[in-house]
Ligand code: NA
Ligand code: NA
């Protein structure tokens, strides 16, 4: 069947994308730990030794926090960690549900194509004019680049999810965690 | 049309189940294209996504989530419940009261209601059922008590409110202490009033007494918990650290204690960190969406026109306030607290300020409404979580909440009548 | 309607009105908004109206159209047509303007603001070329805030008393300034600063005096200097170059005229604002500390290296030395 062939073709795409997402998840996790260590260290250093780490705010806010957010963005969609209002969704028939979630996923892909492209332009401009962080002196392109990178993965992931719905198992369609699966509707086994 | 279309579309997309942050971003981008131009929208998308994540204050949320993830993995919730159960054992409904105060205690080191309900659901509900409490009461009590975690600091809800309305995070956190304690007191008084006749009729099981020695011995489990409270609440209150530093320090101390006590494994630690990263990206994307949608609203001048309309309509300020509270309450039936705050604040916060209400007090009112929303059907996240943890049907949980919801409304009324409850602890007018 | 449609002539010979969006970074009730931006907007309206080429500026206050740090990018991508840029916020793109925020640059803020305006309007100056022209911005009005002072919650009687204190700094040259005096620089967000002072996380900060009143910092501090002049904060109103090019000559002239008037008026009003502020703070029980000649000399000596640390942070293609020189000359001209 055509659907099966497409599904087979999507498998390596999924694997490759997941590999990238998992790699970026590790970077995001390290960034999170770095925030904990840096903020704690600078508070303790100030309190005990009167010598805070200068620039720790800038590192945390301008470099680490964006990395956590954008590097985990696509993996979070894959794992259904972006919350939504799903009480109506769980009461929809499978056809309506497929359609509504497909439209949602395509819209997400659409807006993030724009975010990724604009983010790339900004990164390029920062490289071209040699902009560096006014306090840290570190190139700004380093941190601007996390936006197009993370958003490009999100675009691919949302389109891939759609393709998988249309060619495969339709019993379990949702972009958000559906805690609110109502008892009247048979469980869809969404809980991890 | 320029204004109505994005608003209607936001509603449709939310109901159709698009994740909140994305729905706000999509409709905000559409709105900006309509009220300004597509080029303006592209310009906004060039700077806003990055900038929405760069607030230093915002890392308070991931740090408190990280701490909560560590301590729930380390089993501190079980220790608190086991110890309190021995102290309240003989009281009518004693174990339910222990559940409430254990949730309040857990709430003092954990900022997420779902995490508190899930922990206590696994720890307390089996014990309550073993003692003979009805499943409805057990699940209901755990679900309701779990909501204390977003009122008692630290709380992601309070921090989220502070960020969206540009209030001091420290002030918001301190303002939650007294209302949170009043809520715990009121809930436990309700249990007592219900359990005394219930025990006589035999619908509520009799309590068990424990000796003083047993009580004191059980309390030895509580020291890591005391260390964390002293470090966080004490640290903020006595000015050793700022709220942001307290959150990172709390995460670091809890990890250090659990590692030294050998109560957390490497995989549990990694899982806790990854889960925090997921929560962080989810919340930051909602904030990005809220900024985009807020920018559309600013460009459309809707909030200022709404303000004008409200001030010329001649409604009293309390009439307007009650209308707003009603709207938020209804949203709470269907929506999660982060959704309610991010959707409603860009519109209603300017009105609240214009009418001269205290922004800190209003934040506490919003959080109390969110607490009610967390346990009311059809979308009552805490009931889902508690029922799930106890392996009970959701409707059984919803049956158990109503007496507690009555008490929550009474506390809400008290907060409206005596706003000082929220503000008197806050050191001074923090700008 | 946005900008870019200016210059066309209506049926009766008068030009059609143009409306420009200003993405302001400050709240409506900030004293820069009340004393500088709003009068400027009114002046633009009346001057252009009189000249027969009406321009109106529609203000979106308080970062509604974007965060201060993104002001240059948002202006260039057309989110708004008029920007309120400030080197302390936009140092990534307009670093040279921060020369005016180095310690001990001038003895009063009026001079500083006017000197900044002169260089912003001088097509030959390095600050114009690097900060404005390179970023496609046409400046038409500028200001500097009252010069920054040491403000503490502990008693001070001179420069020596600052040694060992924790002083809130905005980072960059302010860190070097605080360190050079033997104090510890502590970076802290503006939102945390009140709490920080009240709870003793910090013992003071480098603030401009009017802000002590607007953010109630006076409640948690006791002493302030009146003439340490260790920093400032400067800003400019700019039109994006493509929008500027589409305005008629009459409209451009109106913006420049109104801009110059507003710049002069605000600068002239500053001494009275500062005097009034000092009186208000003293009425609240704070102690004003006027540094004597010996203290000022000690300050000048200790801080003489701060400019070098600032020069070190500049991008390699930014002519920092030249900016330092031309700023000194412009200040001398206006003194
Ligand atoms: Na809490
Ligand atoms: Na609800």
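Cβ atoms here come from the backbone N, Cα and C positions, even for glycine.
Per-residue pLDDT, averaged along the domain 'TRAP C4-dicarboxylate transport system permease DctM subunit' (B:7-420), amounts to 90 for this model. As annotated by TrEMBL, domain 'TRAP C4-dicarboxylate transport system permease DctM subunit' applies to B:7-420.
Annotation comment: TrEMBL describes B:55-76 (among others) as transmembrane segment.
What TrEMBL lists as transmembrane segment is B:136-163 (among others).
Taken from TrEMBL, the feature transmembrane segment applies to B:169-196 (among others).
Residues or ranges marked as transmembrane segment in TrEMBL: B:221-240 (among others). Counting same-chain residues at least six beyond the ends of the transmembrane segment (B:221-240), those with a Cβ under 8 angstroms from any Cβ of the stretch are 67, 71, 74, 76, 79-80, 82-83, 105, 108-109, 153-154, 170, 173-174, 177, 246-247, 249-250, 253-254, 257-258, 261.
Summarising the annotation, TrEMBL assigns transmembrane segment to B:246-265 (among others). Taking Cβ pairs closer than 8 Å, the transmembrane segment (B:246-265) reaches residues 59-61, 63-64, 66-67, 70-71, 73-75, 109, 154, 224, 227-228, 231-232, 235-236, 272 in its own chain, all 6 or more past its ends.
Positions annotated as transmembrane segment by TrEMBL: B:277-298 (among others).
Residues or ranges marked as transmembrane segment in TrEMBL: B:318-348 (among others). Residues 10, 14, 20, 24, 113, 150, 156-157, 160-161, 164-165, 283, 286-287, 289-290, 293-294, 297, 302-303, 306, 310, 355, 357, 365-367, 369-370, 372-374, 376-379, 381 of the same chain lie 6+ residues outside the transmembrane segment (B:318-348) yet bring a C-beta within less than 8 angstroms of a C-beta in it.
Marked as transmembrane segment by TrEMBL: B:360-381 (among others). Residues 113-114, 140, 143-144, 146-148, 150-151, 155, 157-158, 161-162, 165, 167, 171-172, 175-176, 179, 183, 325, 328-329, 331-337, 340-341, 349, 352, 397-398, 401, 404-405, 408-409, 411-412, 415-416, 419, 421-423, 426 of the same chain, all 6+ positions outside the transmembrane segment (B:360-381), place their C-beta atoms under 8 angstroms from a C-beta of that stretch.
If you look up TrEMBL, you'll see B:401-426 (among others) marked as transmembrane segment.
When Cβ-Cβ distances under 8 Å to the transmembrane segment (B:136-163) are tallied for each of B:55-76, B:169-196, B:277-298, B:401-426, the top count falls to B:169-196.
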